[in-house]
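Features of the protein shown, as given by TrEMBL:
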TRANSMEM  12-30  transmembrane segment
TRANSMEM  36-53  transmembrane segment
TRANSMEM  60-78  transmembrane segment
TRANSMEM  122-145  transmembrane segment
TRANSMEM  151-173  transmembrane segment
TRANSMEM  185-204  transmembrane segment
TRANSMEM  224-244  transmembrane segment
TRANSMEM  251-272  transmembrane segment
TRANSMEM  284-303  transmembrane segment
Amino acid sequence: MRLEPRTLKRLGLLGVLYVVTIGAIVTFLDLPTPDAAVFGSFVPSVVVLAFLFETMDSAAGMGFGTALSPVLLIVLGFDPLAVVPVLLVSETLTGLVSGWMHNEFENVSISLERPLGEETKAVGLITGVAVLGTIASVLLAYFAIQFDSTIINAYVTVLVFVMAVAVLFREHFKPAEDAEYRPRSLVGFAAIAGFNKGIGGGGFGPVTTMGQLYAGVYEKAASAISSISEGLASLVGVVTYFAIEAAGADLNFMLLPSLLAGSLLAAVVAPYSVRVIPNKIYRYVIPGYALAIAVILVVTNFLI
């Protein structure tokens, strides 16, 4: 795919904003320095992991929070209050940037011009329902019910695995592009996805993306819609966490520079790869990667 001059200019603008954003965070925010930091506030392993997982997240609509969260918590040993809020901030920015790039590379068509297209309506539907689920689960987790991490991990792992297997069979026998579009099916998936995001910072992408395939949304559009919806839903989650911090909770944003340094780059690169990969191959990427995420969750949560 040959890039238009307009697109090249926008990519250049994003590059400038990337440098300015990272520089401003490091310079003006008084963040704690991680013990594993090498270059100022940056942890190389976190930067690399953020780039890899966000590449797949922006390409397949899932994986950044779902797979990276247990790696940061269990493998690298960071505190939950230093991981979940920062993941939500990162997913807000990367989701919106990735969605913009998906739209720019014509993987999806999102516009606020009337009449609204089906893809724009899907973004609104998924985001609206997911936002309610996110707020409810965050408030429950911090003010009413303390969810056991083992139960959360087992629940997300089983959910991702079952959905991946079901969608893999469906994509083989009846691809989403050949299925009848059923927007009402998205409501339940969006509610579950919002709940997942609020209780653990992960599990949003797999549910919304594979839920869209089940509802008959075109594979490449499903990935883009999930990215945009996740960015908007994460924004609400971030606001909720800041409100909780104002009420006395001690949140830690020391990983923010490292996560953004890796993930924002990936949010630009991945949508282009989606555009150039043939759909007969790409339609197996989403459920296949979901199975890989389930394996990662099993290993990090139950075998390490």
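Each residue, glycine too, has its Cβ placed from N, Cα and C.
Keep in mind that TrEMBL annotations are predicted by a computer and have not been checked by a curator.
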Among the ranges 36-53, 60-78, 151-173, 224-244, 251-272, the one whose Cβ pairs under 8 Å to the transmembrane segment (12-30) are most numerous: 251-272
Among 36-53, 60-78, 224-244, 284-303, stretch most in contact with the transmembrane segment (251-272) (C-beta, under 8 angstroms): 36-53
Tertiary contacts of the transmembrane segment (284-303), as residues 6+ beyond its ends and Cβ separation under 8 Å: 56, 59-63, 66-67, 70-71, 74-75, 150, 153-154, 156-157, 160-161, 163-165, 167-168, 171-172, 206, 209-210, 213, 219, 222-223, 277
